[in-house]
Amino acid sequence: MNLIMTILTITVALSLILATVSFWLPQMNPDAEKLSPYECGFDPLGSARLPFSLRFFLVAILFLLFDLEIALLLPLPWGDQLHNPTGTFFWATTVLILLTLGLIYEWTQGGLEWAE
């Protein structure tokens with residue numbers, strides 16, 4: 001219990017110190033030079049901020065979601081060595097069903113079609 005209180009005290013103190021120091025640090029003042037893109041000393045030819053495809057962002061988020069799902073289900077073969085493997089497999093199946101329903105919903109809403 002004493003170790004937990006020590007760690008908790010250090011964590012709270014460090015958080016308060018860092019929050020206080022962040023207010024004292026100089027604020028960033030953006031100007032035209034700081035906001036302009038750097039092109040090896042040449043004047044910029046165009047805008048450095050290109051438009052980002054919202055479809056690409058949606059597909060990337062879906063990829064990360066399903067990649068995380070696979071990473072969470074990788075230790076599942078060792079689930080039969082637990083005291084209650086039925087509960088583990090039940091929750092894994094529930095997660096798979098929910099994510100499959102989400103994928104079907106995205107598919108029917110046209111979220112996976114690339115053409116605009």
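Positions of Cβ are set from backbone N, Cα and C atoms, glycine also.
As annotated by Swiss-Prot, transmembrane segment applies to 3-23 (among others), with the evidence given as sequence analysis.
Per Swiss-Prot, transmembrane segment is recorded for 56-76 (among others), and the stated evidence type is sequence analysis. Within its own chain, the transmembrane segment (56-76) is flanked in space by residues 88-89, 92, 95-96, 99, 102-103, 106, 111-112, 114, which lie at least six positions past its ends and keep a Cβ under 8 Å from the stretch.
If you look up Swiss-Prot, you'll see 87-107 (among others) marked as transmembrane segment, on the strength of sequence analysis.
Beyond its flanks by at least six residues, the transmembrane segment (3-23) meets no residue of its own chain at a Cβ-Cβ distance under 8 Å.
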